[in-house]
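Asker: Got a structure for you, written out below as structure tokens; questions coming shortly.
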Amino acid sequence: MKIIEGNTRATGKKFAVVVSRFNSFVVESLLDGALDTLERIGEVNPDDITVIRVPGAYELPIVAKKAAMSGKFHAIIALGAVIRGGTPHFEFVAGECNKGLAQVSLDATIPLAFGVLTVDTIEQAIERSGTKAGNKGVEAAHSALEMVNVLAAIDEAL
Ligand code: INI
């Protein structure tokens, strides 16, 4: 039996972190968590990490796509927070962000980690950005690290 899996050390690999400014009070905590995970768990050199800021979650897919197509990165991490309001706006922003990033992920030949909160309340956003329900930025960075290595392991094994 052959088992292919990736570890989380990715020294020498290059990462783009695409971050929305909207709801920055939670998104900055996602960014802190993602950077800490890349550097401390992944042992990624800070010089190999590029942070790209965009206005809101709606703009994440086009920039993630541009970064993915540049050929300069081994993985992309998308971070944002869409918080439901009293209008259908939430559905449009969250839906397009989710759909667009899923498409980039499938089209690109590099991993794209989804670190976008889609929540009903500010409390839920706070809980998922470094308090009692963890930190979605940390999870996304973990996923990116593992995926970079599992794709490399597949190339080596096959
Ligand atoms: N952008 C977010 O990242 N989160 C939100 O909760 C949000 N809401 O609710 O409006 C939001 N809107 C802005 C949107 O992403 C675009 O930046 C804007 O529509 C301009 O294209």
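A Cβ is built for glycine as well, from the same backbone N, Cα and C atoms used for every other residue.
Copied straight from TrEMBL:
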BINDING   F22, A57, Y58, E59, A81, V82, I83, F114  5-amino-6-(D-ribitylamino)uracil binding site
BINDING   G86, T87, R128  (2S)-2-hydroxy-3-oxobutyl phosphate binding site
ACT_SITE  H89  active site, proton donor
Asker: Just give me the nearest neighbour of A57 (5-amino-6-(D-ribitylamino)uracil binding site) among the recorded positions G86, T87, H89, R128, Cα to Cα.
Answerer: H89
Asker: Ranked by the number of other Cβ atoms within 10 Å of their own Cβ, which of the recorded positions H89, R128 ranks first?
Answerer: R128
Asker: Restricting the comparison to the recorded positions G86, T87, H89, which residue's C-alpha is spatially nearest the C-alpha of E59 (5-amino-6-(D-ribitylamino)uracil binding site)?
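Answerer: Nearest candidate: H89.
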Asker: Mind running the binding-site residues A57, T87, F114 against ligand 1 and keeping the ones whose CB falls under 6 Å of it?
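Answerer: With ligand 1 as the reference and 6 Å as the Cβ limit, the list reads A57.
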Asker: Including all protein chains displayed, how many Cβ atoms other than that of Y58 (5-amino-6-(D-ribitylamino)uracil binding site) lie within 10 Å of its Cβ?
Answerer: 20
Asker: To the nearest whole angstrom, state the Cα distance for the pair F114 (5-amino-6-(D-ribitylamino)uracil binding site) and the residue listed as 'active site, proton donor'.
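Answerer: Given the Cα positions, F114 (5-amino-6-(D-ribitylamino)uracil binding site) is 20 Å from the residue listed as 'active site, proton donor'.
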Asker: For I83 (5-amino-6-(D-ribitylamino)uracil binding site), write down the residues of its own chain that are at least 6 apart in sequence and whose Cβ falls under 8 Å from its Cβ; none is a fine answer.
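Answerer: Within the chain, I83 (5-amino-6-(D-ribitylamino)uracil binding site) has Cβ neighbours under 8 Å at N23, F90, L117, V119, D120, T121, I122, A125.
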Asker: Between the binding-site residues F22, F114, whose Cβ has more other Cβ atoms within 10 Å than any of the rest?
Answerer: F114
Asker: Using C-alpha positions only, work out which of the recorded positions G86, T87, H89, R128 is nearest to F22 (5-amino-6-(D-ribitylamino)uracil binding site).
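Answerer: Checking each of G86, T87, H89, R128 against F22 (5-amino-6-(D-ribitylamino)uracil binding site), the shortest Cα distance is to H89.
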